[in-house]
């Protein structure tokens, strides 16, 4: 028998009658509590509020929050865990319109990624499940989730008008063997806001590969690869427009503020603003724009098929390690134009002698 509770029915008829409720009553049912994925799958469509209570997701299964009724609220309660299997995931998938996803005080989502970590991430070794697919989660909110130790990528975002606020993604236990644990990957999306994220990971804190009207603000990023646009190029959608990344800290990471585009590809990066970004302990580049990525690696030879225009770097300040490079700009011929460069100060590392085609006003 599927287990779920309805506050509208159980309050007067008792839990024993819930499973036997006629179909007509299912449409009016309000608050439902689920303790298993099977009960969630069969009962979610009838609920306006869903509480997920200490769910242990079986190995190789997705916690399926897709196709929810418009206006549904989902509440994580207790500890959510996942069985072990080598597969691509996702561990959680959500879709719908005007959905709210949040958690009760003290709740957490524990992926126990150490079971998969082998230092190779998505590049070999064990096949690792991605964490959260937020595809077609439109006009919705994800608030206050506490997420620990994703096996590989965190939130995959492909939605419109989605706000993610005050989310913790803590992969600090993966410092040695965690890899490709990107926190927020954004693609083919519009009007995305990520506000107040706290991230400890081993890859990009934010990566915007395509999309428009995207805001990342009040973030704290520790241990990963920094705040990134790209890599842009070579995908079905190669347009990034109107992205603001502001009031954020990047600590003990490879890069601070980064734009990277693919060698030989076409596309555009326009209207991107990095504003009030604080850097500390950066180990590779404080500010970096590279147009030379091929097969995921830099070639040192930039191309100009992806236009990088109307870019603002304003008050990106802080320190890099002595072996790092303060600023590195490697643009294709004529492809980096109309930049605003103001109040930036990155110190502690080396000055690059390999910058090319630096746009007017910027310094390298």
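The first residue you see is number 1, and the count goes up from there.
Quick reminder: no glycine exception, Cβ is built from N, Cα and C everywhere.
Counting Cβ atoms from all protein chains shown, residue 203 (active site, proton donor) has 26 others lying within 10 Å of its own Cβ. For 203, the entry in Swiss-Prot reads active site, proton donor, with the evidence type sequence analysis.
When secondary structure is read from DSSP and collapsed to three states, residue 32 (disulfide bond) falls in the strand class. Annotated disulfide bond per Swiss-Prot: 32-47 (among others), in sequence order.
Non-local neighbourhood of residue 221 (disulfide bond): 183, 197, 199, 201, 205, 206, 227, 248, 249, 250, 251, 253, each in the same chain, at least six residues away, with C-beta under 8 Å from its C-beta. DSSP gives residue 221 (disulfide bond) a strand state. Positions annotated as disulfide bond by Swiss-Prot, on the basis of similarity to another entry: 205-221 (among others).
Annotation comment: Swiss-Prot describes 331-336 (among others) as disulfide bond, evidence class similarity to another entry. Counting every protein chain shown, the Cβ of residue 336 (disulfide bond) has 28 other Cβ atoms within 10 Å.
For 355-364 (among others), the entry in Swiss-Prot reads disulfide bond, with the evidence type similarity to another entry. Under the three-state DSSP scheme, residue 355 (disulfide bond) falls in the coil class. With a cut-off of 8 Å between CB atoms and residues at least 6 apart in sequence, the same chain places 327, 328, 329, 330, 364 near residue 355 (disulfide bond), listed in sequence order.
Per Swiss-Prot, the feature N-linked glycosylation site maps to 138 (among others); the stated evidence is sequence analysis. For residue 138 (N-linked glycosylation site), the same-chain residues lying six or more positions away in sequence with a CB closer than 8 A to its CB are 96, 97, 159, 160, 161, 162.
The Cβ of residue 141 (N-linked glycosylation site) has 18 other Cβ atoms within 10 Å, all protein chains considered. According to Swiss-Prot, the feature N-linked glycosylation site maps to 141 (among others).
Per Swiss-Prot, the feature N-linked glycosylation site maps to 338 (among others). Less than 8 angstroms from the CB of residue 338 (N-linked glycosylation site) sit 309, 310, 311, 359, each of them six or more residues away in the same chain.
Beyond the ends of the repeat 'PbH1 2' (189-210), by six or more residues, the same chain brings 121, 153-154, 157-172, 174-175, 178-183, 216-232, 235, 237-240, 243, 245, 250, 253 to within a C-beta distance below 8 angstroms of the stretch. What Swiss-Prot records for 189-210 is repeat 'PbH1 2'.
Confidence over the repeat 'PbH1 3' (211-231), given as mean pLDDT on the 0 to 100 scale, stands at 99. The repeat 'PbH1 3' feature in Swiss-Prot is assigned to 211-231.
Marked as repeat 'PbH1 5' by Swiss-Prot: 269-291. If one looks beyond the repeat 'PbH1 5' (269-291) by at least 6 residues along the same chain, the residues whose Cβ comes under 8 Å of a Cβ in the stretch are 226-227, 229-230, 232, 240-261, 263, 298, 302-304, 306-321, 323-332, 335-336, 344, 346, 349.
According to Swiss-Prot, the repeat 'PbH1 6' annotation covers 303-324. Counting residues per DSSP class in helix, strand and coil order gives 0 helix, 15 strand, 7 coil for the repeat 'PbH1 6' (303-324).
The signal peptide annotation in Swiss-Prot covers 1-20.
Within the repeat 'PbH1 2' (189-210), the DSSP-based counts of helix, strand and coil residues read 0 helix, 15 strand, 7 coil. In this structure the alpha carbons, written CA, of residue 331 (disulfide bond) and residue 47 (disulfide bond) are 52 Å apart.
Candidates 141, 203, 336 (recorded positions) were compared with residue 47 (disulfide bond); none lies inside 10 Å Cα-Cα. The CA atom of residue 203 (active site, proton donor) is located 24 Å away from the CA atom of residue 141 (N-linked glycosylation site).
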